[in-house]
Every structure is written in structure tokens, then in C-alpha cells.
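Taken from TrEMBL, the feature ATP binding site applies to K46, G53, R54, G55, V129, E134. Per TrEMBL, the feature Mg(2+) binding site maps to N226, D240. For N291, G348, I349, M350, the entry in TrEMBL reads substrate binding site. Taken from TrEMBL, the feature domain 'ATP-grasp fold succinyl-CoA synthetase-type' covers 2-229. What TrEMBL lists as domain 'ATP-citrate synthase/succinyl-CoA ligase C-terminal' is 289-409.
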Amino acid sequence: MKIHEYQGKDLLKAAGVAVQEGKVASTPEEAARAFEELGCSLGVVKAQVHAGGRGKGIAIGPDADRAEALAIASGQKPRPEGVAQGVQLVRSAEEARKAAESLLGKTLITYQTGIDGAKINKVLVADGVEITRELYLGMAVDRAVQAPVLMASTEGGVEIEEVAKKTPEKIHREPIDVGFGLADFQARKLVKALGLEGAAAKNGLVFFKNFVKFFIDSDCSLAEINPLIVTDSGQVLALDCKLNFDDNAMYRHKDIAALLDPAEEDPNEMRASESGLSYVQLDGDIACLVNGAGLAMSTMDVIKYHGGEPANFLDVGGGANKDQVLEAFRILLSSDKVKAVLVNIFGGIMKCDIIAAALLAAYDEIDFKVPLVVRLEGTNVEQGMKMLEESGRKIITAKGLTDAAQKVVAAAKGSA
Ligand code: GDP
Ligand code: MN
């Protein structure tokens, strides 16, 4: 689960991690008031979307050329004068109002959002900081090390992916013992690696310790502070933050779970999770309805092996009753990219004849405009397949995974 920068900064601040002060706003007037309330001479207005690269990103209206915008946001084309950037420095309440106006309701295109962009519903008005140094701090679970790893680099503010590719030696890594947190010697190593001295060194130690503690206590899966900045007076502050949390741990962090912004989520994925289905949108044209994540993965593999591209990953879980199948079909068919549907269900606890009945009932309630291929396996499979074959509906039955994949790939090509 992802959250917005302003929400992340609130959480970090509560955990004793120093952040740039700010207030969130949903209207230009609120943004102007926020600037006054912050009482700063320099402020920054930042689009709140779940994507990075906002500084170089641009906010566009509905009629603008998205491909052109993406080329500019990715640095392939020069930035024309007067375009609204996702992060804007402001020096008065009036400038804050104008900056907010140029962002709110618009679509932000950054190198991370791609061509679709992200709708800007809120902006963060933050106390502008004079930056002496821009550093990078990140933490992520490293499966190879079997632990979270804290990463720090003097190359902050820029795309850390580039640093990792070109000069990996500039990223300092410390594996973290989740029971112990960040050890003092590790914190001191980081301070040295980042070249922090005097007050900045002291502030850095506190920052790193609390940051690591927050990551572990909140079940983060990724936390990035880019840039982590050092001011003239030696303050060490998070100027930006990107936090992701482990969905499976959100039951024990109700306060964090409540920060979910439905506007940022894929509507189909939200709808699926409300019905207890796991759904992931993909780029292909063959929709898959499967029970069990392992079976879903192998179904996608076999589709690809036979030259097709899956449109999604949809796991109805152990159940597969009529209501779930019906909702699953509705979600699958809501995309006009889908050219064929493959149902691949293993009837173990749920018998195949019961599943066939659910499929037929759901089929009748849906206007199927694309071919439907069904492969069932398991208890009472003969009975279930017979029901489908004799139903008089336009259902293509398949025997075995290979047969199913070949039939659905052919069907998708035929209806494309
Ligand atoms: P991102 O582009 O989405 O990662 O957004 P950031 O929050 O990292 O902001 C992008 C850049 O804007 C930063 O790297 C800074 O250079 C600049 N910036 C953001 N806030 C401030 C600020 O308070 N003062 C100054 N001087 N620059 C800022
Ligand atoms: Mn950033």
C-alpha cells in the first residue's frame, strides 16, 4: 500500500523523524492560507500523487498532448517556458494560490507515471528550505540478504536508479537486524559515509535511528527520503518521502490502512478486493479467471508460452461461487482490451459440477461479446464439463492446460 507525501511526513514526524513542515490543501484558497499560517518567506507547493519525479514532471489539462508531456518530463525534450511543474517554489500567499491553481484538478505526468499520468487532487504547501546539501536515504527489504537494508548516498535529489546503475559504489548499504534496529556503530558509519559533521552529524544519528525504528514498527516495505537535506545550521530534514507498506500487515495498523486514497488505486483492483478477489491489471488481451495464486501464475505462463498475453491476474480464491464468478466476469469484461476469457479452475473443495453451475448462471447474466474458454479439473470434472457442453451456450471447453491455452490464444487472435 502506498500513501501520499503529506501523510508520510505526518507519520515520520510523529515517530521523531525531522521533516520539512507543511500543510495539505485541496483548493487554491486553502493553499494561500496554508502559506500564511506557515509564516515562511519561501514556500514550496507540491502535487500530491503516488509517483516520484514530480519536480521534473508537468501538470496538464485534458486536451494537452500527453506524449509530448512525457517526453518533457523524462528530459527527452526541453521544457518550454510557463509549463506548470509538479513542485514549485513560491514567495507569497498569492504565488502559493497561483501555483495550487496550476496543479489542482490537472493531470501530472512524470517519468514514473507514464503516459496516463496521475490526477492531482491535493497539494502540499511546505516551508521552503535553503538547501546546503541534498542526500539520499532509503530502506527496503532485500530478499537476498533476508533483511531490510538501509541505503544512503551523497548523490541525493537525482534519480537514484541512475546512481545504482552507473556508480553503485556511491550507495552505502547497511543490513538491519529487525529485532535490534540500527546499531550505533552502523549509524556512525552512515554519518561518516555521508560526510556529516558537527550538528548535522548529531541530528543525522537521531534521524537514522528513528527512521529505521519507524520502518520496522510500521511494517514498511519501502521507505525513501530523496532528498534528505542538510541546512546551513546543520539541520537534517526529510524534504520528500515515499512510503510503501506491506498489505498483509495492515490489519495491525488500522491508522495507516485508513490513509489509503481510493482515487490513486486501480478501480478494478479496489472492486475486486471488496469481493474477496485478488486482481492485478496487466497489458495483454486474454483475461484469466483462476482459483489459487499458483494456478494463476502457471496459467499466465502457459498463455505466454503459446504466444498470448494475459490481460490480468484474477484469483477467485478457494471459493468460486456464483456471486464471485459474476463479479469476476464483470471486472474482466469491463476492459475493452479483453479479446477472450479463459476460466481455469481446479475443483477440489468446490466440486466441478457446482462450479459449472455457477459459471452458467453468471454467463446468463452477462452479455458475453468475446469467446469464453473453460478448463475444469478435479472432483466431478466429467459431470461439470458435460453441463457446459450441453448447455447450448457459446462456451469453448478445453481438456488440460495446454489445450486451454492454445484455444484461448487462437480465440483472442480470431476476435481481435
Ligand atoms: P520529486 O521530484 O517527486 O522527487 O519531488 P521532491 O519533493 O523530491 O522535489 C523535487 C526537487 O524540488 C527537490 O529535489 C529540490 O531540489 C526541490 N525542492 C523541493 N522542496 C524544496 C524546498 O523547500 N526548497 C528548495 N530550495 N528546493 C526544494
Ligand atoms: Mn524526491
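Backbone N, Cα and C define each Cβ position, glycine as well.
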Within the domain 'ATP-citrate synthase/succinyl-CoA ligase C-terminal' (289-409), residues counted as helix, strand or coil by DSSP: 57 helix, 26 strand, 38 coil
Distance, G53 (ATP binding site) to I349 (substrate binding site) (CA atoms, angstrom): 48
Binding-site residues near ligand 2 among K46, G55, G348 (Cβ under 6 Å): none
Integer Å distance between the CA atoms belonging to N226 (Mg(2+) binding site) and E134 (ATP binding site): 8
Candidates G53, G348: member of the binding-site residues with the richest Cβ shell (10 Å): G53
Cβ atoms near N226 (Mg(2+) binding site) (within 10 Å, other residues, all chains): 22
Candidates near ligand 1 among the binding-site residues D240, G348, M350, judged by a Cβ under 6 angstroms: D240
Integer Cα-Cα distance in angstrom, K46 (ATP binding site) to D240 (Mg(2+) binding site): 10
Fewest other C-beta atoms within 10 angstroms, as judged across V129, I349, which are the binding-site residues: I349
By Cα-Cα distance, the member of binding-site residues G55, N291, G348 nearest D240 (Mg(2+) binding site): G55
Distance in Å spanning the most remote Cα pair of N291, G348, I349, M350, given for substrate: 11
Candidate nearest G55 (ATP binding site) in space, where candidates are the binding-site residues N226, N291, G348, M350 and distance is Cα-Cα: N226
Residue from G53, N291, G348, M350 whose C-alpha is spatially nearest that of N226 (Mg(2+) binding site), among the binding-site residues: G53
Mapped DSSP class for E134 (ATP binding site), helix or strand or coil: strand
Cβ-based isolation winner (fewest other Cβ atoms within 10 Å) among the binding-site residues E134, D240: E134
